[in-house]
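Visitor: This is the structure I have questions about; it appears just below.
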Amino acid sequence: MSTQEQLPGENTPTANSLIEKESKTDDINQIVADALANKTFKDYFLISCLCFLVAFGGFVFGYDTGTISGFVNMTDFIERFGSRGADGVATLSSMRIGLMISIFNIGCALGGLVFAKVGDMKGRRIGLMFSMAIYVAGIAIQISSHDKWYQIMIGRFVTGLSVGIVSVIAPMFIGETSPKAVRGTLVCCFQLCITLGIFIGYCCTYGTKTLSDSRQWRIPLGLCFLWAIFLTVGMLFMPESPRFLVEKKRIEDAKKSIATVNKLSTEDPAVYAELQLIQAGVDREQLAGNASWGELITGKPAIFRRVVMGVCLASLQQLTGINYFFYFATTIFKAVGLEDSFQTSIILGAVNFLSTFVNIWAIERFGRRLCLLVGAAGMFVCLIIYSGIGSKALYGTDSLGNETTNLTTGRAMIFVTCLYIFFFASTWAGGVFCILSETYPLRVRSKAMAVAIGANWLLGFTISLTSSFIINAIHFYYGFVFTGCLAAAFVFIYFCLNETKGLSLEEVDELYAQKILPWKSASWVPPSAQHMASSTGYAKSSQEHLV
């Protein structure tokens, strides 16, 4: 069979032929279930390793977050890129810090919205390699800067373009490639790599902070070239997304990809059965016509609702306040009165990384909705305590009227912060990416995820740009802003978010087609494939579909 051929007997799909073909997929589903139900983790080891290579794109993002927090507090960095006052002492103004940190998020938003389509045109693997080429250029711009702070800002914007592409393509790639039984766990590996990157970034800046010259920040930056090489080489061993290959009519390549993922022979009936299921889903989407940006509003079933849900969910992830700690951790804990705030950053990074393993287990054990609800409630309580004791009990005055810092209160704030990060990392961190990767049909997934993740980056830009000013103005009262957002997030999750645990991408479409109430979605049982083919709207003509 040629790689450009369709499956035997398949021509351009029509509504009637598609429904007839879908009527056979109950048996196909049973073949797949029989072949895959008894697989152990050992059987998924290879695809787990391959998906981890894709997820390593998250490490690139996390490493940037972990290093920039330290850079803006390093003596050589301040001397080179700060401005000098009348006393000749160099300082980094709130505006300069805000711009250097936040411009990265603007680059991420544009990268996700504009350049991530490379993954649709050339494939997910090529898209990730392309992103790494941009990433290397951005790091080169930064590391070659001598004393121009705006060169650092430009370089961070360019690296942001790369990370924006990765943030769209990597979770989508993992979601399309991994078996349904372990998809949620493997998608969460993207967040695991983000937290690992943050932790390693904190460790690198801690290790170089005592150096007396530009090696303080140039060594951590230079390591970024190694991360880019690792991800690029890794993509040479990663099979392309079978859904992408089927969409491009590369059927033989899709068979090989499915066989590799499931450690089966290309002639195994389960491989052919899985290929039939993917082909049926792609046929439904192609029958509806090519996706346009307008279809994000008019598409069925409930595409606009899903897009709005994704935008809200991605925005609320930023509004939990997590980057208030990660971008400004070193600055915050200087204010608490600790002698070495770099050490505290490492502690927070370690808690963040280790807690993500809980997320990988919990997301499949308890489902997406429950994890996010528990996480929102836990973070709400932690931030109430953190903000309350920080604003009321941290500072005092001695007998001479001088301001003093209560170190016991400061240590209590660090402990509460660790609890807060545990709740975030074990629930919202990976849960949001997992839900986004499972929510959209193939033909609109790239655009819909780009919009959702773009909203996430824009909120990140706003928070990172303004936080330095707000921290200086209202100090620890800032935490109360995020407690209000967390209360809203809890309500949103309960009333608006559907459970997608254990559902195929096609079954998620049916969930929305039936307008299942979110708080009842966890107990919903998918109907037969024949029923889905006639009810979701994908077996309708393009005109009907968009009405």
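From the backbone N, Cα and C atoms, a Cβ is placed for every residue, glycine too.
When I checked TrEMBL for this same protein, it listed these features:
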TRANSMEM  44-63  transmembrane segment
DOMAIN    50-501  domain 'Major facilitator superfamily (MFS) profile'
TRANSMEM  97-119  transmembrane segment
TRANSMEM  126-143  transmembrane segment
TRANSMEM  149-174  transmembrane segment
TRANSMEM  186-208  transmembrane segment
TRANSMEM  220-239  transmembrane segment
TRANSMEM  307-329  transmembrane segment
TRANSMEM  341-363  transmembrane segment
TRANSMEM  370-389  transmembrane segment
TRANSMEM  409-436  transmembrane segment
TRANSMEM  448-471  transmembrane segment
TRANSMEM  477-497  transmembrane segment
Visitor: For the transmembrane segment (307-329), name the stretch out of 186-208, 341-363, 409-436, 477-497 with the most CB-CB pairs under 8 Å.
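Guide: Out of the listed stretches, 477-497 contacts the transmembrane segment (307-329) most.
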Visitor: Which sequence positions outside the transmembrane segment (477-497), separated from its termini by at least 6 residues, show Cβ-Cβ distances below 8 Å to it?
Guide: 309, 312-313, 316, 319-321, 324, 368-369, 372-373, 376-377, 379-380, 383-384, 386-387, 390-391, 435, 467, 470-471, 518-519
Visitor: Grab the same-chain neighbours of the transmembrane segment (126-143) for me: Cβ-Cβ under 8 Å, and only residues 6 or more beyond its ends, written as numbers and ranges.
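Guide: Sequence-remote neighbours of the transmembrane segment (126-143) are 54, 57, 60, 107, 111, 115-116, 118-119, 151-152, 154-163, 165-166, 169-170, 173, 218, 221-222, 224-225, 228, 231-232, 235.
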Visitor: Please indicate, using numbers and ranges, the residues of the same chain that are 6 or more beyond the transmembrane segment (97-119) and have a C-beta under 8 Å from a C-beta there.
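Guide: Distant Cβ neighbours of the transmembrane segment (97-119) are 64, 68, 72, 81, 126-128, 130-131, 134, 138, 149, 152-153, 156-165, 167-169, 172-173, 327, 446, 449-451, 453-454, 457-458, 460-462, 464-469.
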Visitor: Mind pulling out the one from 220-239, 341-363, 409-436 with the most Cβ pairs under 8 angstroms to the transmembrane segment (448-471)?
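Guide: Out of the listed stretches, 409-436 contacts the transmembrane segment (448-471) most.
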Visitor: Using a Cβ cut-off under 8 Å, which residues of the same chain at least 6 positions beyond either end of the transmembrane segment (220-239) come close to it?
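Guide: Same-chain contacts beyond the flanks: 50, 53-54, 56-57, 59-60, 63, 67, 70-71, 125, 128-129, 132, 135-136, 139, 142-143, 159, 177, 201, 204-205, 208, 256-257, 260-261.
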Visitor: State the residues, same chain only, that lie 6 or more residues beyond the ends of the transmembrane segment (341-363) and have a CB under 8 A from a CB inside it; answer 'none' if no residue qualifies.
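Guide: Residues packing against the transmembrane segment (341-363) from afar: 66, 69-70, 73, 184-185, 188-189, 191-192, 195-196, 198-199, 201-203, 205-206, 209, 325-326, 329-334, 371, 414, 417-418, 421-422, 424-427, 429-431, 434, 501.
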